[in-house]
Amino acid sequence: MESRIWCLVVCVNLCIVCLGAAVSSSSTRGTSATHSHHSSHTTSAAHSRSGSVSQRVTSSQTVSHGVNETIYNTTLKYGDVVGVNTTKYPYRVCSMAQGTDLIRFERNIVCTSMKPINEDLDEGIMVVYKRNIVAHTFKVRVYQKVLTFRRSYAYIHTTYLLGSNTEYVAPPMWEIHHINSHSQCYSSYSRVIAGTVFVAYHRDSYENKTMQLMPDDYSNTHSTRYVTVKDQWHSRGSTWLYRETCNLNCMVTITTARSKYPYHFFATSTGDVVDISPFYNGTNRNASYFGENADKFFIFPNYTIVSDFGRPNSALETHRLVAFLERADSVISWDIQDEKNVTCQLTFWEASERTIRSEAEDSYHFSSAKMTATFLSKKQEVNMSDSALDCVRDEAINKLQQIFNTSYNQTYEKYGNVSVFETTGGLVVFWQGIKQKSLVELERLANRSSLNLTHNRTKRSTDGNNATHLSNMESVHNLVYAQLQFTYDTLRGYINRALAQIAEAWCVDQRRTLEVFKELSKINPSAILSAIYNKPIAARFMGDVLGLASCVTINQTSVKVLRDMNVKESPGRCYSRPVVIFNFANSSYVQYGQLGEDNEILLGNHRTEECQLPSLKIFIAGNSAYEYVDYLFKRMIDLSSISTVDSMIALDIDPLENTDFRVLELYSQKELRSSNVFDLEEIMREFNSYKQRVKYVEDKVVDPLPPYLKGLDDLMSGLGAAGKAVGVAIGAVGGAVASVVEGVATFLKNPFGAFTIILVAIAVVIITYLIYTRQRRLCTQPLQNLFPYLVSADGTTVTSGSTKDTSLQAPPSYEESVYNSGRKGPGPPSSDASTAAPPYTNEQAYQMLLALARLDAEQRAQQNGTDSLDGRTGTQDKGQKPNLLDRLRHRKNGYRHLKDSDEEENV
């Protein structure tokens, strides 16, 4: 009982002492504590917004309780503790666990240098040849006769061209020889059809004579044409008849022909294709192809041909071997040459003075930085004596020697003989290895000192069993694969070197890190092993090995960190790490400990040290840190504001340098265009040049042709010879009628013709009016119109036998006029009808008419007669009316014609 009382007294005293110390501490550091408390809550609240859920829960609990409230089951108040952070590692106790798994650190780590792929690299000079895709070009001569038949129909003023037919025929061989020796052609052509000989003459002359060749006006750069006639001839036939004429033109065309390897045929610019090798000479049929009719093929050695077909008496040239091929429309001739002398399968492409050859398992890689390309080839060399290399062998060796003399003669020596390789793309590489003179001297010195050396490098020979012949594969047109290979090889070498450095640095870093971990584990094995395994682990040394166990987890929300690190019982002593209180899971008993690294709780609070003033200590807890100044909590610090120790090992990796790829053009556009035997451009130019020769005289051609004439001609032609003759007759008659109608219509359409028709119409109207008025006067005054001489100039009637002037007498009465009209003599008229004269008989009437006719003839003769003395007309002598000229001349003076003396006597 006494012991219990004693214990209670001791506890009460301890509480009084603690409360007194707390009051004195709060009174001496009231301002600082208050500021620290406010800063702590502010920082904790700010950090809780970006922290984990557990932190927010702890902060809320701290805020919900009062500052002076006592923590459950402790003598501490909530103002004496701060919140916690469990972001990375949870709070745990690792010192209580017993190790069950044993581990140790490796000590004998050996880092070996990573070696790249074993490659045999050689330096040298490279000359590259490509396949020659340009077709073999040579000259050919084409002999032709052009027969042009034209049919026309002639109208009166127009000629209709009914049609034209052009036929190309081949001259006979005897005429070909005459053309080649004299530049002349005959003006006729004969053909046998079904046993009948048909002959055509130029201009229908029916005379066979020679015509001189002359240059055509239409030629181009690749073809030259010689003709005998430049203008097409046609003659107009008779009117309303058909006419068909013949125009014969001899034509010799010297044009270009192309043949592509393997030279089985060739094609000309005129569009002709000959299935014969241009190198076939009659004896090399196994090497040269022949696919034409052998009966029409001729070869003449030492054949003479004029040098210029367009010049008379031109000099003759002798050709070694000339071939002739007869066809239905032409004769083609060319000179036979030796294939080896005029063709070559290879042509120079590029040269690289700095080339690296790397040896792979089954191939060689020829890399050129200048060409930004890598070419692959088999290890088997091409036989230097291959016949395909004859045309380029000397040229390639000379180029290699020239490059060596220019760039390497002073510092390098040739290493080995010239070797030839064929790449996968069909290219041919001439390779000359080189090596520095200093290295060559060292090799020679080593060979002299080591007599037992059996693995000396020997020169490669092309005469060995590994030599092959050049294949007939075609060269590729695109070298993208070579540039891709160069890129891959460059990247491969760079990446391999980088990986080797990375692997070596990685091994060294692992070895160093392991040694550091081993030494640090002696201080805090749990922290080191937790960092290695990235999870909380309890570890302790068990001799020279480590024992591993899992840590004991605690209630995360019960952990509280004390603000004060001073030891109350021992003035001048301070805790080396902050004191924490916590509860184990499923327990309400409050435990004391100290905050370790990575939120590890160290059991007990015996870790103290002498207080050092001033003092600054920072303890990491998750993503934040507790800052204690003079062993009192001041604030929470974000870890990102504290710099870290840079312990990274530098890795020596250089960035890739820029590489500008060259645009490699294996074959130019000209070579690609020349590789085809058919050049469309030249063919069209040749066609247009010949088309311009076919021209017509437009003033002699009327288009369109009347459809009825064309239909009638077709109809009658289908009836045979008789129908054709009838058609010609009908066409002549119908053509005449049509010509007249067409002429009238054309005349009416002409402005001059229309004006003439208008004038004719006006003249017809005037004539009609004059005839009408004359007939009307004739009806009203028949005597005055029929016998104009009975009327005097003053309008009175003239009567013969009367001497008395009646102009002054009064006119007779009506009765007298009627009576006197029937009287024959003077005397008073009779008023009785019985006294009238007897009727005239027919004979008397007839005699009267005859007398009237004689009188009329005499009077008209007198009017039309002329006086031989003075030249005046008879009408003027007899006192007729003045003529029109006299009246116009004297119209203002009142001119009147006076009577002659004869007239006065008669009166």
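Glycine too: its Cβ is placed from the backbone N, Cα and C atoms.
According to Swiss-Prot, the feature topological domain 'Virion surface' maps to 25-751. Sequence annotations record features per position, and here Swiss-Prot assigns N-linked glycosylation site to N73, N85, N208, N281, N286, N302, N341, N405, N417, N447, N456, N586 (among others). Sequence annotations record features per position, and here Swiss-Prot assigns disulfide bond to C94-C551, C111-C507, C185-C250, C344-C391, C574-C611 based on sequence analysis. What Swiss-Prot lists as compositional bias 'Polar residues' is 798-810, 860-877. Per Swiss-Prot, compositional bias 'Basic and acidic residues' is recorded for 878-887.
Known features from Swiss-Prot, placed on the structure.
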residue: C94; record: disulfide bond; DSSP class: coil
residue: C111; record: disulfide bond; DSSP class: coil
residue: N208; record: N-linked glycosylation site; DSSP class: coil
residue: N281; record: N-linked glycosylation site; DSSP class: coil
residue: N286; record: N-linked glycosylation site; DSSP class: coil
residue: C344; record: disulfide bond; DSSP class: coil
residue: N405; record: N-linked glycosylation site; DSSP class: helix
residue: C507; record: disulfide bond; DSSP class: helix
residue: C574; record: disulfide bond; DSSP class: strand
residue: C611; record: disulfide bond; DSSP class: coil
Among C185, C250, C507, C551, C574, which are disulfide-bonded residues, the residue with the most C-beta atoms within 10 angstroms of its C-beta: C185
Cβ neighbours within the same chain of C94 (disulfide bond) - under 8 Å, at least six residues apart: S526, P536, I537, A538, A539, C551, V552, E600
For C250 (disulfide bond), the one of C111, N286, N302 that lies nearest, given that the recorded positions are compared by Cα: N302
Residue with minimal Cβ packing [other Cβ atoms within 10 Å] among the glycosylation sites N281, N341: N341
The topological domain 'Virion surface' (25-751) [mean pLDDT, rounded to integer]: 78
From recorded positions N281, C344, C391, N447, C507, the one whose Cα lies nearest C185 (disulfide bond): N281
Cβ-Cβ neighbours of C344 (disulfide bond) (radius 10 Å): 18
Top Cα neighbour of N341 (N-linked glycosylation site) in the set of recorded positions C111, N208, N405, N417, C611: N417
Secondary structure of N302 (N-linked glycosylation site) (DSSP, helix/strand/coil): strand
Most crowded position, judged by CB atoms within 10 A, among N286, N447, N586 as glycosylation sites: N447
N208 (N-linked glycosylation site) versus N417 (N-linked glycosylation site) - Cα distance in angstrom: 72
Site with most surrounding Cβ atoms, counting all protein chains shown within 10 Å, from the glycosylation sites N302, N405, N417: N417
Between C111 (disulfide bond) and N447 (N-linked glycosylation site), the C-alpha gap once rounded to whole angstrom: 35
Residue with minimal Cβ packing [other Cβ atoms within 10 Å] among the disulfide-bonded residues C111, C391, C611: C111
N586 (N-linked glycosylation site) versus C574 (disulfide bond) - Cα distance in angstrom: 32
Distance, N586 (N-linked glycosylation site) to C507 (disulfide bond) (CA atoms, angstrom): 48
C611 (disulfide bond) to N281 (N-linked glycosylation site) - Cα separation in whole Å: 119
Residue from N208, N286, C344 whose C-alpha is spatially nearest that of N405 (N-linked glycosylation site), among the recorded positions: C344
